[in-house]
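Visitor: Below you will find the structure I want to go over with you.
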Amino acid sequence: MAAPLSLQLVAECRVTKARLCRLRLPHHTVLTPVFMPVGTQGTLKGITAGQLEALDCQICLGNTYHLGNRPGPELITKAKGLHGFMNWKRALLTDSGGFQMVSLVELSEVTEEGVRFCSPYDGKETLLSPEKSIHIQNALGSDIMMQLDDVVSSTISGSRVEEAMYRSIRWLDRCIAANRNLEKQNLFAIIQGGLNAELRRVCLTEMIKRDVPGFAIGGLSGGEEKDDFWKMVTLSTDFLPREKPRYLMGVGYATDLVVCVALGCDMFDCVFPTRTARFGSALVPWGSLQLKNKQYAKDFQPIDTECNCPTCQRYTRAYLHTLYKSDTAALHHITIHNIAYQLHLMSAIRDSIEEQRFPLFIQSFMRRMYGSAEHYPGWAVEALATVNVRLE
Ligand SMILES: [Zn+2]
């Protein structure tokens with residue numbers, strides 16, 4: 001059966017591996033490369049579905065582990081899926097719940113059957129199996145579902161990485177078999193293999209055989225060296241089929257996004273822009289502003305004069321500085337700006353790919369972000385050189 005998505009290549013960069021694609025999903029057509037803000041419990045922290053739509057966000061992420069526990073799949077089904085529950089009409093991607101293994105590792109145990117958790121809500125032991133994960137995601141009705149994978153930290157090596165990689169392949173087969181909504185939901189495989197190139201190649205070969213609608217590059221962005229990170233990314237994009245979407249999980253720093261687009265990735269997600277907003281940090285093309293710092297107390301400019309988000313249209317740095325000390329509304333305003341920043345960055349990247357000036361875009365992005373070449377991160381310079389971009 002044909003997958004309920006199609007990927008149309010609109011433009012390919014003639015220098016790098018970057019591509020501009022039209023990804024048609026059941027609820028919405030998304031232009032890639034795309035950044036997907038992360039929501040939890042049906043809503044993004046600090047922002048509503050309506051505000052996300054006003055920022056022209058095309059696709060966002062729902063968190064299966066949290067939604068599977070509270071309010072639970074039965075209630076979500078009654079609410080006409082996560083789209084109805086959130087009142088979000090555009091595309092949605094749900095994770096498998098597996099990532100929580102790393103973040104709640106002291107509460108979990110991985111066996112061939114699945115992951116056994118002690119629920120942080122009621123202390124009850126629950127099993128998240130590949131079948132259960134797909135059952136929940138089928139109830140949520142997301143456009144893209146993620147397979148349950150065996151996640152290991154990217155900083156460990158040895159036999160546990162190999163075990164997790166082979167188990168993730170077996171769990172992919174169980175997820176494919178468990179999917180009850182082939183017509184309307186796309187299941188993505190997650191490539192594992194840690195920082196071991198040989199294991200990554202084995203995983204890629206096996207998963208590509210499964211002919212799933214899309215592929216994610218997993219198990220990275222967990223504190224590994226950037227030199228290892230980008231090599232695993234580019235190895236994966238070299239292997240993955242051209243006509244299917246490639247989702248790099250957990251990546252959201254601006255520089256990482258620009259470099260990984262150049263390496264051929266299409267989709268990204270990360271809690272960073274919303275998490276950092278809650279610490280009063282606003283993203284700007286030259287880095288970030290720590291709005292709680294005294295220097296902004298009398299600064300009557302917006303966060304970024306070139307940003308046209310609702311926050312920058314209405315509020316000054318001085319106002320946000322004062323508000324931050326007394327009111328959570330400041331976090332809300334900064335969250336909106338940070339998401340607008342991410343979405344705007346991706347749309348500028350897409351325009352530059354379409355107009356065959358992405359290599360020039362990279363040059364000016366890096367200059368603005370780091371000032372001069374001596375401050376450029378070495379890994380980015382090296383990674384970009386492999387796709388024919390020599391930073392000046
Ligand atoms: Zn703004």
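Backbone N, Cα and C define each Cβ position, glycine as well.
Sharing the features that TrEMBL gives for it:
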type: ACT_SITE; residues: Asp95; note: active site, proton acceptor
type: ACT_SITE; residues: Asp269; note: active site, nucleophile
type: BINDING; residues: Asp95, Ser96, Gly97, Gly98, Phe99, Asp149, Gln192, Gly219; note: substrate binding site
type: BINDING; residues: Cys307, Cys309, Cys312, His337; note: Zn(2+) binding site
type: DOMAIN; residues: 16-369; note: domain 'tRNA-guanine(15) transglycosylase-like'
type: REGION; residues: 250-256; note: region 'RNA binding'
type: REGION; residues: 274-278; note: region 'RNA binding'
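Each of these features: where is it, how hidden is it, and who are its neighbours?
Guide: For the recorded site, Asp95 (active site, proton acceptor), the DSSP three-state label reads coil.
Less than 8 angstroms from the CB of Asp269 (active site, nucleophile) sit Phe35, Met36, Pro37, Val38, Leu61, Leu93, Tyr247, Met249, Gly250, Val251, Gly252, each of them six or more residues away in the same chain.
In sequence order, Pro302, Ile303, Asp304, Thr305, His337, Ala340 make up the list of same-chain residues 6 or more apart from Cys312 (Zn(2+) binding site) whose Cβ falls under 8 Å from its Cβ.
Here the region 'RNA binding' (250-256) has, by DSSP, the following mix of helix, strand and coil residues: 3 helix, 0 strand, 4 coil.
Sorting each residue of the region 'RNA binding' (274-278) by its DSSP state yields 4 helix, 0 strand, 1 coil.
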Visitor: With respect to ligand 1, which members of the binding-site residues Gln192, Gly219, His337 satisfy a Cβ distance under 6 angstroms to one of its atoms?
Guide: His337
Visitor: Neighbourhood of the Zn(2+) site (Cys307, Cys309, Cys312, His337): other residues with Cβ within 8 Å of the Cβ centroid, in order?
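Guide: Neighbours found: Pro302, Ile303, Asp304, Asn308, Pro310, Thr311, Gln313, Ile336, Ala340, Tyr341.
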Visitor: Compare the Cα of Gly219 (substrate binding site) against each of the recorded positions Asp95, Cys307, Cys309 and report the nearest.
Guide: Asp95
Visitor: So if I draw a 10 Å sphere around the Cβ of Cys309 (Zn(2+) binding site), how many other Cβ atoms end up inside it?
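Guide: That number is 21.
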Visitor: Spatially speaking, which of the recorded positions Asp95, Cys307, Cys309 is closest to Asp149 (substrate binding site)? Use C-alpha to C-alpha, please.
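Guide: Sorting the recorded positions by distance from Asp149 (substrate binding site), the top entry is Asp95.
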